[in-house]
Amino acid sequence: MTTEILRSMLYRGADIIRDIEWVIFDEVHYVNDVERGVVWEEVIIMLPRHINIILLSATVPNTIEFADWIGRTKQKKIRVTGTTKRPVPLEHCLFYSGELYKICEGETFIPLGLKAAKDAYKKKNSSATSGGTGSYSGSSTVQDGARGQKREPFNRGKQNKHSGPQNFGNYTGTGWGNQSNGGGQNSWGSRRTTWLMLIDKLSKKSLLPAVIFGFSKNQCDKSADSISGTDLTSSSEKSEIRVFCDKAFSRLKGSDRNLPQVVRVQSLLCRGIGVHHAGLLPIVKEVVEMLFCRGVIKVLFSTETFAMGVNAPARTVVFDTLRKFDGKEFRPVLPGEYTQMAGRAGRRGLDKIGTVIVMCRDEIPGERDLEHVIT
């Protein structure tokens, strides 16, 4: 059950509470969540004395302090146990202009990899500036406005407002802005090329299946649609997917089977591409999850929720960007959030090592920021 349900049972004084011996809190770091955290706190405080508690989390940094608070609140002895060793170790890479640069392995940061990526960036940009692309990036935004997409440039403006201090070098805000919201035709063209380069690289190095985390539903849909020409499945996988989809969607009544979303997702799935976010119908979301677990979906564009409740690890995890909108502002991803999502890389018993990739389009993040988030 969700924690909210347990809370209302405690408020009501439901009879079943008398018979419960154990409550297990999964993903207990949600206590830190701005909106839902208070529910976790209330339940921990209100649980009767006879109930024992187990708390699970992969990303609570201050375990002793947290356990101490619970021990004082419940007047009980709390034992803290855990491991820092992952069953499948991770390696972290940057992806820039078609190449992978390893920047961290087994908790050890590799400055040389980052330096190589920065050198490639400088090299590319010095040749680009001599070719005069400086004015080009500006003009794409102007074109955006001219194309009458009033909302997109406005969104991008909002993004830039928050992304000012995060920029590196002499960039003035377009970097992260484009990275997380590319509204213009040109930027989607370049994004599409980047996705194709990445998927090509991953399939050559046999690093598929991959989960690609973006931080907006719209982004996930657009990214999946942008690689419409890509086909990643064999003919036997295609028939497996078709049979599975037909069986699942046969439960829908008449015209519901032809809903645009159902048709669109089915055509993506047949090519080994999936989408997973809160904007999907429950049945569609479930089909995507089940097919991903069967290993026939090779590339899944997903939002952060996929890293929480779904036990579906992949060979590789890709971060579309390291900035997110948290309901109030655009901010860098926190180390805990990064750990939670990166933890989806590496399948136990299948992979010796899990790969985590950070996409770099307009710039290479600074060493301090990367090290802070990753290690």
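Heads up, the Cβ atoms here are built off N, Cα and C, so glycines get one too.
TrEMBL: automatically predicted annotations, no manual curation.
Here is what TrEMBL says about this protein:
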- 126-141: compositional bias 'Low complexity' (COMPBIAS)
- 162-171: compositional bias 'Polar residues' (COMPBIAS)
- 172-186: compositional bias 'Gly residues' (COMPBIAS)
- 231-375: domain 'Helicase C-terminal' (DOMAIN)
- 125-187: region 'Disordered' (REGION)
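This prediction places the mean pLDDT of the domain 'Helicase C-terminal' (231-375) at 92.
Shown for the domain 'Helicase C-terminal' (231-375): DSSP residue counts in helix, strand and coil, namely 64 helix, 27 strand, 54 coil.
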